[in-house]
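The next block holds one structure in the form of structure tokens; read it before the comments.
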Amino acid sequence: MSATPVNVTVTGAAGQIGYALLFRIASGHLLGPDTPVKLRLLEIPQGVKAAEGTAMELEDCAFPLLAGIDIFDDPTAGFEGANVALLVGARPRAKGMERGDLLEANGGIFGPQGQAINAGAAEDIKVLVVGNPANTNALIAQRNAPDVPADRFTAMTRLDHNRALSQLAGKTGAAVSEIKDLTIWGNHSATQYPDIFHATIGGKPASDLVDQAWLESDFIPTVAKRGAAIIEARGASSAASAANAAIDHVYDWVNGTSADSWTSAAIVSDGSYGVPEGLISSFPVRAKGGEWEIVQGLEVSDFSRGRIDASVAELVEERDAVQGLGLI
Ligand code: NAD
Ligand code: LMR
């Protein structure tokens, strides 16, 4: 076990994702079974009491890896010394809303948090934004943290990736573990493009095993609109699956992706695949040595190109909107 605990700041700690996330972090699923963690829970003042209750429960689990819990309602204090920051705290959408409808309400949260990360986080800080609209919130935080390398700011599309794996496994009767190299491109929104054209199932091209009609009228909309379907069914947005995806994203970032497949994450674009430099957009990615890299050289068909461009155009609109609001 490494001697020095890793400081993990979680915002929105008293919310429903927070409740599904914190116990898994404390039990070693975020960073691995040999890494002790210190939790730094950041809430708004009204959320502090509930966070204290969750902290009591965490203590009651007597997790061997949990080296401490502190609770804050001030971002500067909450991000002090953070090595990993999970930016979850934000208002979730309700039935009938698109995630973009949250831009103004949630955009205001991520500027000050970016500034606080800039001021006091550890040198090796890694940030995952979960709160919606996640890509653009991550952009706001990143632009407000000019001294932190831009590539430390990422947004979560791993839930979409996992949803796509599961849908494809269900359709083909394959095990999820047999599916390799799926990609989510673009925005964590209804315009996202789940791409199976490089995926294989048990070594065979996935596109040979399903037909184009299913792909277009079933798979893509099901994955892209799954968040809304869950809100409709549960009366609240996804929580345990979102927490699980956040764990997957950070675990892979820190420990590296498996050698035999890539995954998806929204990271700062370097201009690859025609995505404007600086946007935080989902790509096929691998992680090595604590850094994400975009999988290069994939052929992009006209069908895929159109879908990627549509989602990226939405990200450009969101960026321009937050620029107009003075948030970046
Ligand atoms: P929730 O309402 O249950 O919890 C949100 C928590 O954040 C609350 O406790 C609230 O007090 C806190 N909070 C609000 N503003 C804050 C701030 N400035 N600093 C710290 N804490 C703050 O919501 P939830 O279901 O946990 O969802 C959280 C966010 O995650 C929402 O924006 C939701 O849309 C998003 N989400 C994203 C994905 C994804 O795949 N990217 C998946 C599911 C949910
Ligand atoms: C999801 O994809 O489940 C989340 O982004 C919540 C939402 O608003 O859809």
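Placement of Cβ uses the backbone N, Cα and C atoms for every residue, glycine included.
Those TrEMBL annotations? Automatic predictions, nothing curated.
Cβ-based neighbour count (10 Å, all protein chains) for HIS188 (active site, proton acceptor) stands at 31. Under the heading active site, proton acceptor, TrEMBL lists HIS188.
According to TrEMBL, the NAD(+) binding site annotation covers GLY12, ALA13, ALA14, GLY15, GLN16, ILE17, GLY18, ASN106, GLN113, VAL130, GLY131, ASN132. Residues near GLN16 (NAD(+) binding site) in space but far in sequence (CB under 8 A, at least 6 apart, same chain), listed by position: ALA236, SER237, ALA239.
Sequence-distant neighbours of ARG93 (substrate binding site) (same chain, 6+ residues apart, CB-CB distance under 8 A): ARG99, ASP101, LEU102, ASN132, ILE231, SER237. Taken from TrEMBL, the feature substrate binding site applies to ARG93, ARG99, ASN132, ARG163.
The average pLDDT computed for the domain 'Lactate/malate dehydrogenase N-terminal' (7-146) is 95. Per TrEMBL, domain 'Lactate/malate dehydrogenase N-terminal' is recorded for 7-146.
According to TrEMBL, the domain 'Lactate/malate dehydrogenase C-terminal' annotation covers 157-320.
Contact annotation for binding-site residues (GLY12, ALA14, GLN16, GLY18, GLN113, ARG163) versus ligand 2: none, no CB falling under 6 Å from a ligand atom. Secondary structure of the domain 'Lactate/malate dehydrogenase N-terminal' (7-146) per DSSP (helix as H, G, I; strand as E, B; remaining residues coil): 64 helix, 26 strand, 50 coil. Across the residues the record lists as binding substrate (ARG93, ARG99, ASN132, ARG163), the two Cα atoms farthest apart are 19 Å from each other. GLN16, GLY131, HIS188 are the recorded positions among GLN16, GLY131, ARG163, HIS188 whose C-beta comes within less than 6 Å of an atom of ligand 1, given in sequence order.
In this structure the residues listed as binding NAD(+) are GLY12, ALA13, ALA14, GLY15, GLN16, ILE17, GLY18, ASN106, GLN113, VAL130, GLY131, ASN132; their two most distant Cα atoms lie 20 Å apart.
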